[in-house]
Amino acid sequence: PTVDCLDLCQMLTAEPVFQASKYGSLWPLPQKVQISEVSFKLSSASFRIVDAKASSAGPSCSLLQSAYRRYYEYMFGSAKKQWGSKNNRRSDPSDLTELQVWITSPDSECDGYPSVTSDESCEYLLFLVHVMFYRSLETFSQLVSEDEYGAKSINATIINDFPRFQHRGILLDSSRHFLPIKVILSNLETMAMNKINVFHWHIVDEQSFPYLSRTFPQLSEQGAYHPYTHVYTPADVKMVIEFARLRGIRVVPEFDTPGHTQSWGKGQKDLLTPCYSGSKPSGSFGPVNPILNTTYDFMAKFFTEISTVFPDGYIHLGGDEVDFTCWKSNPDIQKFMEQQHFGEDYSKLESFYIQKLLDIVASTKKGYLVWQEVFDNGVKLKPDTVVHVWIGGRSDKEMSNVTAAGYTTILSAPWYLDYISYGQDWQKYYKVEPLNFEGTDEQKKLVIGGEACLWGEYVDATNLTPRLWPRASAVAERLWSAKNVTDIDDAFNRLSLHRCRMVERGIPAEPLFSSYCLHEYKGV
Amino acid sequence: MLTYQNTYLDDLVDLPNTLDHMLEDLLGSQNFETLGLHSVEGVWPLPQSITSSPERYPLNPQAFYFTYGSQSAAQEGCSVLDEAFKRYFSLIFPDYSSGYGFLRFSVDKPFTVQVSVGRNDCDSYPDEDSSEQYTLSVSAGQAYLKAETVWGALRGLETFSQLVYQEDFGSYYVNKTEIEDFPRFQFRGILLDTSRHYLPVQAILKTLDAMAFSKFNVFHWHIVDDPSFPYQSRTFPDLSAKGAFHPMTHIYTQLDVRRVISYARMRGIRVLPEFDSPGHTQSWGKGQSDLLTPCYSGSTPSGTFGPVNPILPSTYKFMATLFKEVSSVFPDSYIHLGGDEVNFSCWKSNPDVRAFMLKMGFGADFTKLEAYYMENIVNLTAALNRTSIVWQDVFDYHERIPKDTVLHIWKGVPASYEAELRAITKAGYRVLLAAPWYINHISYGQDWRNYYTVQPLNFSGTEEQKKLVIGGEVCMWGEYVDATNLTPRLWPRASAAAERLWSDEKQTSDVDKAFPRLKDFRCELLRYFSFSDNAHGIPITHHRTLFYEVCLTYTDASVSLRLQAGYPGRASLCRTLQTRVPRCLIITDHVTFLSI
């Protein structure tokens with residue numbers, strides 16, 4: 001007996017039965033797909049991925065070359081497997097021998113970083129393939145199927161594809177638990193399999209400060225869980241950024257202030273506000289101290305470093321959940337409030353801090369994202385600020401307000417994946433419609449995407465990957481595919497196969513429901 | 001912080017020694033006594049009685065021995081204990097076994113763990129009556145572990161391994177300790193479901209390892225069910241050939257099963273197989289025609305099948321043969337027969353079944369038919385000298401089951417399972433509690449607290465009735481679980497139930513006190529499972545151990561090498577060496593590191 005009666009009754013009506021989708025295992029579903037009956041064989045010995053003659057990228061584009069190899073291995077397994085087979089056989093007309101990759105834009109962006117404006121659309125016909133960016137390789141590899149003898153084939157297919165939303169992110173939290181680099185990298189790999197293009201690195205928070213700053217090394221020396229084993233060195237960060245770049249993923253770092261900063265205080269004296277108990281300092285500390293010039297000197301230096309270490313055009317500045325009690329207790333702050341005529345409104349003090357911080361960051365030529373409270377509290381924002389909506393309940397109202405004020409926005413409220421529950425909660429994430437709020441077409445255009453958040457209170461390297469995947473895949477399709485892709489049964493059928501493909505590629509993505517994969521997870 | 005700079009090639013060649021010097025500097029500058037904050041409360045589950053003193057003894061892996069006491073009934077050659085000594089040596093000294101053991105400060109006196117058991121049951125299997133009681137006495141140079149059975153000795157070895165801790169500098173210690181221990185409940189099980197998802201044998205073995213760490217002693221193998229039949233039967237090979245998800249890759253061969261049983265035996269764990277019928281049998285029907293009841297739609301068969309067909313003699317012949325095989329493959333004296341969640345609609349639709357009901361005088365009461373079937377199956381296994389365990393459903397609809405049958409409670413919230421406990425024990429049956437430990441039901445936050453605060457004997461009944469509660473079981477049903485997420489979903493949540501089932505309830509009633517202990521225990525589990533981050537080949541030891549790190553920076557012709565040594569949360573030593581070396585020098589792992 002595995003379910004109590006209530007569950008049982010639900011199961012009897014809702015038990016999913018796997019059936020093959022006409023779209024096979026494609027995930028997220030491309031914008032336009034036509035799969036014909038005509039099938040071509042793929043032989044590992046003769047198949048090549050090559051640059052098209054007219055492509056603006058060539059062999060010197062290491063990004064594409066390494067992607068070719070990665071996808072060749074996904075499709076055919078490691079080269080080792082082929083040692084035994086001699087290939088004297090001539091390819092016959094039913095063989096597909098070449099995938100031509102044609103980068104059509106004049107600038108292939110090979111050595112650049114993906115940016116918020118990168119074009120990820122692509123179109124391809126088999127044999128002749130136009131590819132404008134990385135994404136199509138993943139799609140191509142998903143079209144390859146294996147029969148029971150292990151032979152690979154692919155149907156003649158025409159795909160024209162582009163993402164619905166530009167910003168498709170995943171937030172990982174490396175402060176509440178340290179995440180070893182290996183875990184981050186393997187999740188970047190998985191993000192690419194799901195066409196996720198932003199890694200939102202919530203790198204520091206109250207609990208620990210694992211970012212090793214060159215300018216302020218004492219921040220991690222004192223503020224990390226461990227100064228050597230639980231830090232991200234500059235080399236680590238570089239590795240993450242490059243690994244992400246090769247997969248077309250932006251790395252957006254978040255340095256959340258003025259709240260969520262307990263760990264900063266350990267290595268940076270006088271940065272946090274001393275709390276008072278009556279007329280004496282209590283020994284504990286609150287948010288960043290907004291009334292000292294030294295605070296802003298520190299932030300200026302710190303964010304200058306961040307702006308050079310992280311190449312992305314955006315930095316996430318946090319700004320959420322500021323607790324005013326400590327500020328209220330501090331006599332110096334009270335005096336400052338009076339001087340500034342803030343009255344008793346501490347959100348004005350918060351705005352004062354954020355405003356100054358935004359000016360600092362703006363001077364580094366970066367754009368910024370902030371959590372929704374910053375907007376709610378009426379802080380003056382640059383027009384290109386991205387407001388990140390996370391508070392559940394009435395997030396549609398918030399989306400409506402933010403876009404009415406003319407700001408671009410991304411949505412996370414319905415996608416807090418750290419909240420787990422029994423059963424197929426991926427369906428809940430899948431059914432979200434990000435543009436389901438009151439507003440004009442202009443307003444809706446301001447929604448540039450969304451993010452699935454996996455906060456770290458209960459997550460570390462032991463459980464992160466199976467908890468994130470394939471639940472985040474549901475979000476990935478919502479953000480990539482057309483608005484009308486909402487058939488939950490078809491999604492179940494494709495996602496079942498997609499999760500098995502992730503498992504076969506070595507990712508411990510958890511199951512959707514009772515079933516099996518041809519190649520089960522081997523990494524036990 | 002001590003810093004050394006501008007030393008040259010000689011130092012680089014002499015790297016290990018350099019490190020030793022650094023360590024000595026560090027050792028000399030600290031007060032040892034303030035560091036050893038280890039607490040004996042670290043043992044999980046908490047022993048019945050434990051006293052310890054701050055007095056502690058160093059353990060040197062090179063002078064550490066397990067021996068048999070001269071009075072012990074088991075001596076060298078006892079497979080269970082010989083194997084356990086090897087296993088626990090590696091668990092006690094993980095760094096030593098993994099090649100980190102080069103750090104030696106002095107040669108200590110030998111330390112011996114002397115094990116004595118009252119019975120030589122080395123070649124037997126643990127069973128329902130096996131004593132797991134043990135006493136452990138740790139003093140200078142020696143620990144005495146006494147138990148009635150080898151199974152008790154295994155529990156004592158587990159406890160001893162948890163008493164040993166590693167100093168921040170890498171040395172091992174154990175405190176002077178006296179322990180008397182025995183389990184509160186005899187049956188402490190974990191159910192894994194290999195039908196809804198296939199679990200590779202490796203995943204099962206890993207779970208058995210973790211079970212031993214928490215002193216679980218029964219692996220309830222829910223091996224087949226509706227979705228698939230992975231058990232490869234000698235007598236009926238078609239059952240898995242047609243009923244498994246895949247006939248070659250998704251089955252348990254006889255060899256696999258033997259391996260699981262012997263692996264479990266070595267850890268004092270019983271393997272209790274479940275072949276659930278008459279419901280939950282869709283997969284059986286694929287390889288055994290006429291076993292399941294054909295459902296009817298009106299007057300014609302609909303092509304679908306229901307529960308096992310209880311009206312055919314061939315059914316019982318098949319079951320007798322199958323259970324005969326099962327009882328010869330699985331040595332445990334219990335067999336789980338299931339008997340839960342039988343859906344009557346198919347039986348009702350079938351005219352032959354209805355005719356049988358009439359003939360037997362069952363009227364329209366299909367529970368009578370179900371009872372008739374279960375009675376037959378229980379009698380079959382009784383004839384094979386096996387005790388049956390059945391899910392509570394069987395008791396709920398039928399009170400004529402043999403007295404030695406064990407009922408397994410799986411339904412409901414505390415109020416309802418407490419009522420069920422009362423009713424079943426009042427009727428004089430032994431009972432096993434699983435309802436509060438359906439661990440496959442996940443939720444946000446620290447749900448282990450719910451598993452920890454269960455009170456299995458909190459129902460109104462006589463002392464005699466309470467004695468009939470033989471234990472409890474953690475169930476990990478497989479709808480949403482396979483090898484990708486089994487381990488992190490099971491541990492340490494199941495460990496909470498382990499303490500409830502092993503330890504004294506009064507001593508372990510405070511869930512907040514349990515929290516830091518469980519946190520430590522989880523870190524120990526991680527260490528056992530060697531969940532290490534070594535992505536860059538930088539040697540990093542884990543947790544409370546000493547660490548050392550080599551940082552290389554290149555310039556054109558020289559390399560600057562920075563060595564750091566220290567221990568978590570405290571000052572570290574840094575030494576920078578600069579020298580001219582070939583560019584190709586790449587330090588990739590600790591072996592290279594040591595042999596520079």
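Each Cβ is built from the backbone N, Cα and C atoms, and glycine gets one as well.
Looking at A:Cys122, A:Cys326, the record from TrEMBL puts A:Cys275 in a disulfide bond with A:Cys326. Between A:Cys517 and the candidates A:Cys453, A:Cys500, TrEMBL annotates a single disulfide bond, the one to A:Cys500. Recorded disulfide link (TrEMBL): A:Cys110 to A:Cys61, out of the candidates A:Cys9, A:Cys61.
Between A:Cys61 (disulfide bond) and A:Cys326 (disulfide bond), the C-alpha separation comes to 54 Å. Summarising the environment of A:Cys275 (disulfide bond), the number of other Cβ atoms within 10 Å of its Cβ, over all protein chains shown, is 18. You'll find the Cα of A:Cys500 (disulfide bond) roughly 39 Å from the Cα of A:Glu321 (active site, proton donor). In this structure, the C-alpha atom of A:Cys275 (disulfide bond) lies 51 angstrom from that of A:Cys110 (disulfide bond). If you take the Cα of A:Cys517 (disulfide bond) and the Cα of A:Cys110 (disulfide bond), they are about 36 angstrom apart, rounded to a whole number. Listed disulfide-bonded residues: A:Cys61, A:Cys110, A:Cys326, A:Cys500. The one with the lowest count of other Cβ atoms within 10 Å of its Cβ is A:Cys110. Rounded to the nearest whole angstrom, the C-alpha distance between A:Cys110 (disulfide bond) and A:Cys326 (disulfide bond) is 49. By a simple count of nearby Cβ atoms, those within 10 Å, the most crowded of the recorded positions A:Glu321, A:Cys517 is A:Cys517. Summarising model confidence by region, the domain 'Glycoside hydrolase family 20 catalytic' (A:165-482) averages a pLDDT of 96. Taken through DSSP, the domain 'Beta-hexosaminidase eukaryotic type N-terminal' (A:26-121) splits into 19 helix, 21 strand, 56 coil.
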